[in-house]
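Below: one structure, written as structure tokens.
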Amino acid sequence: MDFSISHLCSVLIILIAGVAHCLEITSQGPTSIEKASSESVKLDCQFSLAPEDSGPLDIEWSLLASDNQKEDKVVILYSGDRAYEDYYPAVKGRAHFNSADPKNGDASINLTGLKSSDTGTYQCKVKKAPGIRSRKMLLTVMVRPSKPRCSADGPTLEGTDVVLRCTSSEGTNPLQYTWEKTSDNKLLPASAVLDPVGGTMNVRNASTSSSGTYRCTAKNHVGMEECILQLGITPPPNTAGIIAGAIIAVLLALIIIAIILFCCCRARNRKKYEKEISYEIREDVPPPKSRVSTARSFTSVGSQRSSLGSMSPSNLHEYALKPQYDKIPSVEEYERPPSHAPLPPPVASKMAGPNLSRMGAIAVMIPAQNRDGSIV
């Protein structure tokens, strides 16, 4: 029994001594780092070798997959005394070994121009047969808050609830919002209710004393931004005066429309009356006497022409002097008033009966007529 216990103790001592002298990761820094985007970070991985570690040195940095179904991504590699820094396209040109010769015990790397997509768990694995060690580090790349936008919801009237809003479109959570008053007594209204996560401040039953300049600050672990809001609380409007003014305006508009319609109707009636008067004047004018006389003479001549006999040549000169009633007057002669009726053309000379007979004339008897054209 004593032999067995002593044997076990010797074995444990040998094992502990062997472990103490093999490859070890000596870095003691934090395993969780938070950085802002566009900044740089150093992922520390210091190691020490034992005399027994005689194999080739291999250093591998990889980004561990968050899902077990996915594969880890090798970021940078050192093998065969050579560094391979462009292994992972997402960090190409941004990942470098901190030491020009990692064999000296410094396997740390530097990441520059950080992006939010660089967030994840990185593992440093150092292998030198027979020793092998690894170290994991959580890197969180946070985005600074963008400049927030301050605004007031709804009407800023006295006696109402006024909600002030502060919103930052960019920034890694958790974001915290704080409100403060920078004018007057620099005290927030007593009825103000703050929401540091949503970024709102509800001022209940606001009064004119709530007016002033307010500042909202949005911040997270890597930065902060702020905006300024000028709040003015005004008394409620005089609704009775507004209603009365609206009614008066409507009445004035109706009166103007009525006046315009009255003037239009009156002008139209006046034109209609003037046309009727002109028609009545035209109807009262008697027709020209020449029209009746001429028409009557046409009838008389036509009725008597068939009953006329032959006339002696001695009476032909009288026929030549008489107006020719069998000639149809023109439109101008028919419409001309009696006072303007044209006189018959004068007879140049009287022709004797025998001469007319030799010329082939036929004697026609013309009955005597009065001025109205009637046969006597």
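Heads up, the Cβ atoms here are built off N, Cα and C, so glycines get one too.
All TrEMBL annotations are machine predictions without curation.
Looking at 33-52, 133-152, 333-352, 353-372, the range tied to region 'Disordered' in TrEMBL is 333-352. Confidence in the domain 'Ig-like' (145-234), given as mean pLDDT, stands at 93.
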